[in-house]
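In what follows, a single structure is set out as structure tokens and then discussed.
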């Protein structure tokens, strides 16, 4: 285990954490503002990735592909919100879970119908295809580094939007008391549609960015969705700051656990069982982390009851 | 419009009727379909105690389903290969006997439900949904990356396990066995619901503070309900594994948990026979729609969406016009 490898893994963990934050921010906003559990958030991630792959294949431009992912996911978000989601705000969590579960079936199968069952590939833009040498002589893929930077920029933008703008004030006010801000003349249903579209666009962007590292396929959103839920539960539902902290914790735990646990176990048992037991436990590690957090803080790190 | 009791009797008798007709016209596949519906119904009946009566939306009941399945798979595979099961401190022989497998499945899933319940019931609402989901994922990923029993590829059992006096390889006899278990559990659930314990759980769902004022602990009530609920779903898992003669991590997947909830809501939440009707309807839809189109899940999703949005109280509620059974 060299320091170089460790630093590389930390960067990978950061990158996956930042991507998780883009997913989790939308989920937690939608839950915080509207009290809605949206299981179909992962489908918006998938839609973003497919839109990006399709546009990149047609035009060859990665920037256009990214733009397409934002537009497609936001548009899908608006359609879904208008057609289904707005009927669910007043329902209990069970109805929300079920209706959005149904949406997953519809959106996944719809995508399979449009694009077929085979995975698509989205190429990393050629400028970013090579490695970058970081201070200290670490060669790291440029694309992954850019993902970290883009993700951080989006996160900063989101914090400014929520914390400093008029829309952000309305969103936070809606979280606190929806009747009051409706009485103050804010068009609450338009605000909800907007927040939903914003969350969808963030998920779509994450899907497109990650789509160039992994393959783009139906069902790619579900594992990420679960991770994003773990993130917001650890962070505290409704808290953007909690989502950021939770995302980085989960990203780092997930990435480093897979590398470090087998090595650590290798000290006390033979190599092959250390690898199999280590990777089996590592795959459970973030759920263990979540359980531990909830045992000590039942509403998450930054949550309020 | 029919009274609910009548509907329940019809729903309950429909399954064996279908199976018997299938024997007469020699359609073994239909018997298997009915068996599948009965087993899935059993799993959902288990969940319904926590979800319908207790108001605990568990999105992780596939844990118990999977544990029941793996209890069967592990015991039977050791019996198949004549190797003892080494737990480190004790050694067990495998077994192909259903009663023993069922007992192990029930005990293991009840124990898991106790541990998960102790942790998860500290939270409520959406946190509870998420923590149960997380436990499901833990087991799912553990079995995927654990090579001893097939890992991601799952594990096949070549011959169905045995039950004294029953030829389990004969589809209709196996159906009869499964249906008898379902009937027994339904009877038991009916008794639980009307018992002081059942009433207290229902009361804890509606108003936990009042229950506490009366001197009962909502936490303990919910924990007991969760454990019984998990044990029943675990038993269903063992039967499901025997039906397919195959286990895989899919039994632990969160989609599986989602489907159990779907059965309950489709049939009618908080109703004893709701999960039975829901599971039968689901298996029927699955079978019919998959013949219509390769993309039948779209239609299934649409049906489900319509039921959630417009038919509250599920199918039983819609047919008996008595609305939702509670809140």
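Just so you know, glycine gets a Cβ as well, placed from its N, Cα and C.
Just so you know, TrEMBL annotations never went through curation; they're auto-generated.
What TrEMBL annotates here:
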- B:7-25: transmembrane segment (TRANSMEM)
- B:37-57: transmembrane segment (TRANSMEM)
- B:62-80: transmembrane segment (TRANSMEM)
- B:100-121: transmembrane segment (TRANSMEM)
- B:128-149: transmembrane segment (TRANSMEM)
- B:169-189: transmembrane segment (TRANSMEM)
- B:223-241: transmembrane segment (TRANSMEM)
- B:261-285: transmembrane segment (TRANSMEM)
- B:297-319: transmembrane segment (TRANSMEM)
Give residue numbers and ranges for long-range contacts of the transmembrane segment (B:261-285): same chain, 6 or more residues beyond its ends, CB-CB under 8 A.
4, 7-8, 11-12, 14-15, 33, 36-38, 40-41, 43-45, 47-48, 51-53, 57, 59, 182, 186, 189-190, 193, 299-300, 303-304, 307-308, 313-317, 324-326
When each of B:62-80, B:128-149, B:223-241, B:297-319 is checked against the transmembrane segment (B:7-25) for Cβ pairs under 8 Å, which one has the most?
B:297-319
The transmembrane segment (B:169-189) in contact with the transmembrane segment (B:100-121), cutoff 8 A, at least 3 CB pairs, sep 6+:
no
So, taking each listed stretch (B:37-57, B:100-121, B:223-241, B:297-319) in turn and counting its Cβ pairs to the transmembrane segment (B:128-149) that are under 8 angstroms, which one gives the highest count?
B:100-121
Among the recorded stretches B:100-121, B:223-241, B:297-319, which has the greatest number of Cβ pairs closer than 8 Å to the transmembrane segment (B:37-57)?
B:223-241
Cβ contacts under 8 Å made by the transmembrane segment (B:297-319) with residues that lie 6+ beyond its boundaries:
1-2, 4, 7-8, 11, 262, 264-269, 271, 273-274, 277-278, 281, 285-286, 289, 325
Residue numbers, six or more beyond the limits of the transmembrane segment (B:62-80), whose CB comes under 8 Å of its CB atoms:
43, 46, 92-96, 100-101, 104-106, 108-109, 112-113, 116, 132, 135-136, 139-140, 143, 149, 155, 157-159, 161, 229-231, 233-242, 247, 249, 251-254, 256-257, 260
